[in-house]
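*Asks:* Pasting a structure below so you can have a look.
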Amino acid sequence: MIKIAPSILSADFSKLGEEVKRLDKGGADIVHIDVMDGHFVPNITIGPLVVKAIRPYTRLPFDVHLMMDNPMEFVDAYVEAGADSITVHAEVLPHLHRAIHYIKGLGVKAAVALNPSTPLNVLEYVLGDVDMVLLMTVNPGFGGQKFITAMMDKIRKLADMRSTYGADFCIQVDGGIGLHNIRDVVKAGAEVIVAGSAVFGAQDIKGIIEAMRQEAKL
Ligand code: DX5
Ligand code: ZN
């Protein structure tokens, strides 16, 4: 059963609490929170204060995606603010194994994200440690971008890698996903689907989430 994780990057930032409530009522499984520091990616978004402010609006898990140069300096703050899962980018962490175990030591799920050009083999020695792998299917920094078609094969390869190594992490995909391609990414092996513009661009959040679930049924 796939999980739909709308990204609040595409929400109305003047009423984020209400928007999170809309996701909850609309049947989302997870709230994907895109944190950007203006260095790792050319955009600045959400600090721990904001996560703390929206935490009371839903009991849905907060999946915090740290697109930052120095994520380990802020992991504690986001967990205290209410994160249930923390995603860090392999590209900025020479000590990835230690980072994963530090995050898990805080009692939350640990995920590793790879940018589109980053090869899967950086994960080879942490496949048994991560709870989730996030494959960026756009270059991170903005919502509303086009899915990079070469990523379809990368999803398949990650699913193969998981079975070859007998690992059991979830496969999450993020960027440019909507009704037009959700079936293909799920067929390729994606299990947690991040969608920002596809969800918040729709009038009826419940309707679009339901339609995405239907479309993803293989
Ligand atoms: C991009 C973010 C994504 C983005 C997805 O840097 O990590 O989560 O918000 O937005 P859409 O679904 O509009 O591509
Ligand atoms: Zn994201």
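Any Cβ shown, glycine's included, is placed from N, Cα and C.
Note that the coordinates shown come from a computational prediction; the quantities given were computed from them, not determined experimentally.
Straight from TrEMBL, here's the annotation block:
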| type | residues | note |
| --- | --- | --- |
| BINDING | SER7, HIS65, GLY141, PHE142, GLY143, GLY144, ASP174, GLY175, GLY176, GLY196, SER197 | substrate binding site |
| BINDING | HIS32, ASP34, HIS65, ASP174 | divalent metal cation binding site |
| ACT_SITE | ASP34 | active site, proton acceptor |
| ACT_SITE | ASP174 | active site, proton donor |
*Asks:* Going by Cα-Cα distance, which of the binding-site residues (HIS32, ASP34, HIS65) sits nearest to GLY141 (substrate binding site)?
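*Replies:* Nearest listed residue in space: ASP34.
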*Asks:* Give me the long-range Cβ neighbours of ASP174 (substrate binding site): same chain, 6+ apart, Cβ under 8 Å, in sequence order.
*Replies:* SER7, HIS32, HIS65, ALA113, LEU134, LEU135, MET136, THR137, VAL138, VAL194
*Asks:* Would you mind ranking the binding-site residues GLY141, GLY143, GLY176 by how many other Cβ atoms sit within 10 Å of each Cβ and giving me the lowest?
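*Replies:* Per-residue Cβ counts within 10 Å for the binding-site residues GLY141, GLY143, GLY176 bottom out at GLY141.
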*Asks:* Once near-sequence residues are set aside, which residues in the chain of ASP34 (divalent metal cation binding site), 6 or more away, have Cβ atoms under 8 Å from its Cβ?
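*Replies:* The answer is SER7, ILE8, LEU9, THR45, ILE46, HIS65, MET67, GLY143, GLY196.
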*Asks:* Using a Cβ cut-off under 8 Å and a sequence separation of 6 or more, which residues in the same chain sit near SER197 (substrate binding site)?
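*Replies:* Non-local contacts for SER197 (substrate binding site): SER10, GLY143, GLY144, GLY178.
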*Asks:* Could you tell me the maximum Cα-Cα distance in Å between the residues recorded as binding substrate, namely SER7, HIS65, GLY141, PHE142, GLY143, GLY144, ASP174, GLY175, GLY176, GLY196, SER197, rounded to a whole number?
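*Replies:* The span, Cα to Cα at its widest, is 17 Å.
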